[in-house]
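The structure appears below as structure tokens.
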Amino acid sequence: MALRNIRKYGDSVLRKKCREVEKIDERLVTLIKDMLETMYDADGVGLAAPQVGILKRLFIVDIGDGPLVFINPEILDTDGKQVDEEGCLSLPGKTEPVMRPNYVKARALNEKGEEFEIEAEELLARAILHEYDHLNGTLFIDRTTKK
């Protein structure tokens with residue numbers, strides 16, 4: 001495993017839409033392991049592939065209950081509203097209030113290629129939606145409620 005360089009705000013890769021992962025192979029598994037190591041080293045709760053310069057539809061989250069890997073994720077449903085401060089490893093030191101759904105239902109593949117669905121609320125829902133945004137070139141500062 002290796003630490004990857006986290007791309008910072010201003011890097012054009014953070015504004016690009018990611019492509020679907022076509023196959024789960026040894027290179028992708030290595031990328032996932034590297035992303036986990038990088039996220040934990042930076043004290044993050046999530047990291048998306050474009051944040052390490054890879055334009056693939058892949059992100060990881062861990063809010064303290066163990067890591068979750070999302071490959072080619074889809075958002076199936078959202079509900080409710082919550083406003084809370086968000087930060088991002090690509091914008092170190094910056095936080096802003098962001099309104100997000102309080103509930104999300106998502107479908108993705110895990111690192112073994114197995115499809116799963118997850119229902120999440122509060123912090124986990126926020127983390128999933130934040131990382132999902134990265135796959136479409138959206139940053140949390142685009143969604144801030146601060147004027």
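Placed from the backbone N, Cα and C atoms, the Cβ positions cover glycine too.
For Cys88 (Fe cation binding site), applying a Cβ distance below 8 Å and a minimum sequence separation of six or more within one chain yields Lys94, His130, Leu139, Phe140. Among the features that Swiss-Prot reports, Fe cation binding site is placed at Cys88, His130, His134.
The annotation active site is assigned in Swiss-Prot to Glu131 on the grounds of sequence analysis. A 10 Å cutoff on Cβ-Cβ distances gives Glu131 (active site) a total of 25 other Cβ atoms nearby, all chains included.
Apart from the site residues Cys88, His130, His134, the chain places the Cβ of Gly46, Ala48, Gln51, Glu86, Leu89, Ser90, Glu131, Asp133, Leu139, Phe140 no farther than 8 Å from the centroid of the site's Cβ atoms, the recorded Fe cation location. Take the CB of His130 (Fe cation binding site) and look out to 10 A: across all protein chains shown you find 23 other CB atoms. Shown in sequence order, Leu14, Cys18, Ala48, Ala49, Pro50, Gln51, Phe59 are the residues of the chain, 6+ apart in sequence, with a C-beta less than 8 angstroms from the C-beta of His134 (Fe cation binding site). DSSP gives His130 (Fe cation binding site) a helix state. In three-state terms derived from DSSP, Cys88 (Fe cation binding site) belongs to neither a helical nor a strand segment and is classed as coil.
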